[in-house]
Amino acid sequence: MIKKIADRLFKWYCHPDYYPDIQGDLEELHQDQLEQFPKSAELKYLKEVIKLCRPALIRPLFKNSLFNSTGMFKNYFKISFRNLVKQKVFSAINITGLAIGLSAFLLINQYVAFEKSYDQFFTDANQLYRLTTDQVLDGVIGTRDAMSFAPSGAALVEQVPEIINSTLTFQFNELILRKGDRSFIEKRAIAADTNYFELFDYQVLSGDPNTMLTEPNSIILTESRAKAYFGDINPVGQSIMLLGGFHKNFKVTGVIQDIPENTHYKFDLMISISSIEERLKEDDWRSFNYYTYLKLAPQVEIQALRAKLPRMFELSGENESDTDLEFYLQPVEDIHLYSDFTYEPEIHGSANTVIFLNVISILIIIIAWVNYINLSTAKAIDRAREVGVRKAIGAHRIQLVIQFLFESLILNLLAAGFAILIAQLVYPNFNQLVGKDVIGSVWLDQLFLTKVFSFALVGTVVSGLYPAFVLSNFQAVTVLKGKFRNSAKGTFLRKGLVIVQFTVSLMLIAATFIINQQVNYMQSVDKGLDMDFVVGVRRPRYTDDNREAAIENLKQFQQSLLNHHAITDVGFCNTLPGGSSSDIGSTTGEIQIPGKTDIIKGTTYLQRCDENYFDAVGIRLLAGRGFKSELASDTSAIIVNESFMKKLGVQDNESMLNEFIQFGDDEDGRKYRLIGVIADYNRTSLKNTVEPTSTFYHTYAHYAAIKMNQQNYKDGLAHLENTYQSFFPNTPLSYSFLDERFNALFQEDQQFGKVVATFSILAIIVASLGLFGLSAFMAINRAKEVGIRKVLGATIPQILMIFYREFVVLIGLSAVVGIPLVYYTMDGWLDNYAYRVDFPWIFIGMAILLVISSALLTVGYQTIRVAIKNPSETLRYE
């Protein structure tokens, strides 16, 4: 049985010229094997048949060999090269379009890959989670906080077997270091638990990762900070002074690699968390300023684990309150793109932005491929005779398909080479555009080069397959008799592809306008503040030991500033507009004005300011009064914003003045006398609504807001620098203008708008190149028609209108397709903002006008070139 199968297989694949002789040899061999190995002779026979299956013995797949030596491919290469040289415009348009499209696609692809790579470089990244806290009222989540309680991680490790390790971190707004006679401000500084490197395995360059954080007053530096402070010597064992709330020497216990850009939690130095034990109470379930990270056991079902996590009061053993605090496990790999929690350590990216840019990159490469398909099929008539001759002398269709695919491959490989060159030239500008170093020199990036040539091969198939089948389908007899014409089906397809190009161009132009409009609106809309020429300064930290002396120093500092003619107001607050979310507190629970309003449940944000702060930043007082330092009773007073009063259901703000607002549902709930109501103002990004906010009286909080005169603010800055240096000689001054600080919240949106605008322009250029080539072909192909119309008296404008009419119809169809897509996409994007523009339909009209203008200019140029020719030139051979 096995021998019969082997015989049939051999007869099927063996070349007929060799079959008789080889079959006889196989039979002789089989007879010998039967005598020596009677049981396995048939299997050995099958093995010999399989061994003989090699190229030299295989029968041709077609009557004349398709794969007859390399001569065929040499001929294909020669013909392809001649066509590239002969059809210079066609080749230049296709190579340029494909090169721009491919480089744009791959640059965006690199950015998308970078955004998705955040925190994936850790060894056990898929087992790392951040413990976050949901504040729940009546089953509804009020706020979601990235922070958690100090004891929660260790408690969960004890009670939940699937959680095998936890570590705790604290983020500083800034630390002040002193080395020698110089002071430095470090904006990226954290405190971390002893086992931090058990979860986050950064490369340790010097020091023992197991002991670096075990002792108080230990500090770890990144490589770049170590060089900045200690030069080329190994700093481990050296000391550096921490000022602010510490005023003591810290011992350098380790140096680690610089923290990569693609992580959600960046720092330049780290101190042992035991160094802040006066703040950290590991068993205090009210201590809520920490980030807790957990490591899960392998193969844990995360949804089941989330469902079984104990709630906070169950874990802590405290009494259940009206606010239920529930824990949530957030994958560390998801934080950058999918986190919408409060108190984040930094502003994160957006998954929607990544998806949007991914779509743009795909649309650009599709436009480039569409160009090639359109031009190749449009110029099919020029290759018709070649195809006819090849078929007449025996070429099979598959051979012609391979020939035209080979031409497509050469063209795509040339485009890939130019795409690499473009990427190499523009990558510094691209990094600047997206605000991150997402790509370096492409010559050294093997992954990038692999992607380029991989997509060149994909492009060969996608863009070359249809033209190859169209060209190879020509009938030899019809072509050689001169009766060939472009088919209606091919014309219909080309028009359809032109509609695709116009639709994509219209969508990208409209998206650019709308994004730019929203960004401008966010920058110009009234935010309820006057931040022009207001400077924010963080005051030096002080300890309880020197509190009174420090406050007296701050009073004199404030008065010295106000004595200058360029400075009009100086107010202190624990938070500034556009500042870190960790600066402001919040409380979730029941709120009421006893006897006046119903009890409502919700979250209120808490800030502490002095009597001058509202004037300094231009916050309007709607009812009542501001704080007064001479009134001791104001220490138990409260000022709330409009949103707070609306939350309580109060219509008349004046009517509630001097009433007590109670936080909590029992008689011991905290009560504060309402003395004023301020207008709502935006403290954070306009993506968020203004939250109910309560302001309490506090002198010399963390930040000073210094209002300066516009005319001589430079004098005010000079006075600020000199005064600060005289009052705080050991602390370097760091300040920022509040408007710039606030506008930094929109930086991601601004960069997004610039990226979309840049690549929209590239998409339009690529589409225009294709339209230029297609209209040139159409104009030449209809040259005789133009000549006849001119002989019959048609003017150039009349001829233009004939050509224009066809493209205007196509643009109209593209508008019918594109407008709903633009509305659905961009209105959804605008919904991400609490404060947004109405959908700007005027920009849809402007986008359509731009597409029409671009198309008419391109088509008009080619048409006029043909129309101005003497009719005798185009009709002389008719």
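We number each residue from 1, going along the chain as drawn.
Even glycines carry a Cβ here, placed using N, Cα and C.
Noted in TrEMBL for the protein shown:
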- 89-108: transmembrane segment (TRANSMEM)
- 91-309: domain 'MacB-like periplasmic core' (DOMAIN)
- 355-375: transmembrane segment (TRANSMEM)
- 358-473: domain 'ABC3 transporter permease C-terminal' (DOMAIN)
- 400-427: transmembrane segment (TRANSMEM)
- 447-471: transmembrane segment (TRANSMEM)
- 492-515: transmembrane segment (TRANSMEM)
- 755-780: transmembrane segment (TRANSMEM)
- 758-871: domain 'ABC3 transporter permease C-terminal' (DOMAIN)
- 807-826: transmembrane segment (TRANSMEM)
- 841-861: transmembrane segment (TRANSMEM)
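Where the transmembrane segment (492-515) meets the stretches 355-375, 755-780, 807-826, 841-861, the count of C-beta pairs under 8 angstroms peaks at 807-826. No contact links the transmembrane segment (355-375) to the transmembrane segment (807-826), because fewer than 3 Cβ pairs that are 6 or more residues apart lie under 8 A. For the domain 'MacB-like periplasmic core' (91-309), the predicted model reports an average pLDDT of 88. Tertiary neighbourhood of the transmembrane segment (755-780): same-chain residues 89-90, 93-94, 96-97, 100-101, 104, 108, 356-357, 360-361, 363-364, 367-368, 370-371, 374-375, 378-379, 433-434, 494, 498, 501-502, 504-505, 508-509, 511-512, 515-516, 786, 803, 807, 854-855, 858-859, 861-863, 865-866, selected by CB-CB distance under 8 Å and a gap of 6+ residues from either end. Residue counts for the domain 'ABC3 transporter permease C-terminal' (758-871) under DSSP, helix first, then strand, then coil, are 96 helix, 0 strand, 18 coil.
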